[in-house]
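Below is one structure; the comments refer to it alone.
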Amino acid sequence: MAESTTIQRSSPEGDDHELKEENIEKKKDFTANPEFFSCMLQPAIADSDPNYIGIRRFLLHRKAESGVLRRKDWRCNGKGYVAYRNYISRPRNWETLQIPSRPSTPGNSGRWMPSASPVSQLLESDSWNSLKDLRSPSQALSRTTSFSSNASDTDDRPRRRSEPAYSFVGMHFIFDQCKAMVTVIKFGHMSSDLLAYGASDGSLTVCSVSMPPSVIKQLIGHSKDVTDFDFSTNNQYIASSSMDKTVRVWDISRGLCIRVIYGVSSQLCIRFHPVNNNFLSAGNAKKEINVFNFSTGRTISTTVVDGEVTAMDHDHTGQFIFCGDSQGCIYTVSMNSHTGALSRTHRNRSSSKHRSAVTTVEYRTFSLLARGPVLLAFTRDGSLSFFSVSLEMKGYLTLRCSLKLAPRLHSIRASFCPLLSLEKGEYIVAGSEDANVYFYDLTRPRNTCVNKLQGHGYPVIGIAWNHGENLLASSDFGGTVIVWKRAKTA
């Protein structure tokens, strides 16, 4: 009996479909197969060493495998080079961070559009720094936050991948009602929200930076530039000095001038005594330091230095006055807290051949670097000097470190930065002619600039921190005052 067989014929369309699927699978296998890549990149050439070919294929096999995995991740993560670059420079714990996807901006070098999310800002800055490092390693930028970046007056940019020492979340408020150069700006004594600034038109403005920020009083009386002012201990009074040769005492609550002390030369700097507020110390263009009685306005004591007294500050005990003159010298003057009597004790001469006026003298009770009281001096030729103070040796100054910046045309001021809990550097903030606010670490031999704030349209003249150390105020030549809000640190 003949066996009957049945043959099932498949349609041509079905065969083509199966062949297409097989070809697609083969292509996937080829593109995803590291062995295929290694053989293609290192073929077996005639008269070649088989050991060499084997080692090369082994190394290329590992490289091709990692490349295949990265390409798969690229496809899963986005549709462009920007997404791939962000992905390969992701943080280690990126799986736990919920990062929203955002479109890239055409014509902006593939950078992400700005977002309010701190995580997105972190990823953006990381990926952007990676690209800059690949393009120009000599000009690598550090991670930045809003309104801040890393650069110095001399374009000395540090290559660091950590957060800036002093980062800011942006502008807290802007006071722009003044139409003249704001020459000096200060926060109230032990105050976080009381701010005042003096201008070249002779006006003094007292503000509150608590929400909502507002102008409290306009103190009008000086006929020329306000060169300096100081708050009393209880923030009830302000004493101001001016180029009109007068010292004025103001009652803030009433907005009135309660006393005028006339001089024979321009009054350039002034301070309340930190212990006895009945004493006012003022330096003038006649090379004198005068101590006035706050209640009567009479001169109690006078001492003479070698140049115009352009800046001064008291120590916390009130025993010493540290002042700088127009020749770049720093003096230590002993003061009796009961009688107000003055006597010169030390003089620190400038090492520079070109004498330059001192614009800032600031005392601080403690420094991590000096492990004791310190003094900051800043001159118009761009010299930042950092001294340790020996109160036991009548305020003797020892130069610990210095920094040379670009010369200043205006009397630009500098200030100590608040102490950092984990850092051991000595940070200084200063204005500049290029309308930026710069942060420097005096302990670094190179890359001293750690951050900068951009927002002013004119040279930045004055700098001041509040007592809470969460706000920084800066003033410029055009009369604008910007209050910057510092980022919260862990």
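Cβ coordinates come from backbone N, Cα and C, glycine included.
Summarising the annotation, TrEMBL assigns compositional bias 'Polar residues' to 1-11 (among others).
Look at TrEMBL and you will find 12-23 tagged as compositional bias 'Basic and acidic residues'.
Among the features that TrEMBL reports, compositional bias 'Polar residues' is placed at 98-108 (among others).
The compositional bias 'Polar residues' annotation in TrEMBL covers 135-152 (among others).
If you look up TrEMBL, you'll see 1-23 (among others) marked as region 'Disordered'.
Here TrEMBL flags 98-117 (among others) as region 'Disordered'.
Among the features that TrEMBL reports, region 'Disordered' is placed at 135-161 (among others).
Within the same chain, residues 183-184, 186, 188-191, 194, 196, 198-206, 266-272, 274, 277, 280, 282, 292, 294, 297, 311 sit at least 6 positions outside the repeat 'WD' (219-260) and bring their C-beta atoms closer than 8 Å to a C-beta of that stretch. Look at TrEMBL and you will find 219-260 (among others) tagged as repeat 'WD'.
Residue counts for the repeat 'WD' (453-490) by DSSP state, with H, G and I taken as helix and E and B as strand, are 0 helix, 20 strand, 18 coil. Sequence annotations record features per position, and here TrEMBL assigns repeat 'WD' to 453-490 (among others).
Applying DSSP to the repeat 'WD' (219-260) sorts its residues as follows: 0 helix, 25 strand, 17 coil. Mean predicted confidence for the repeat 'WD' (219-260): the pLDDT average there is 94.
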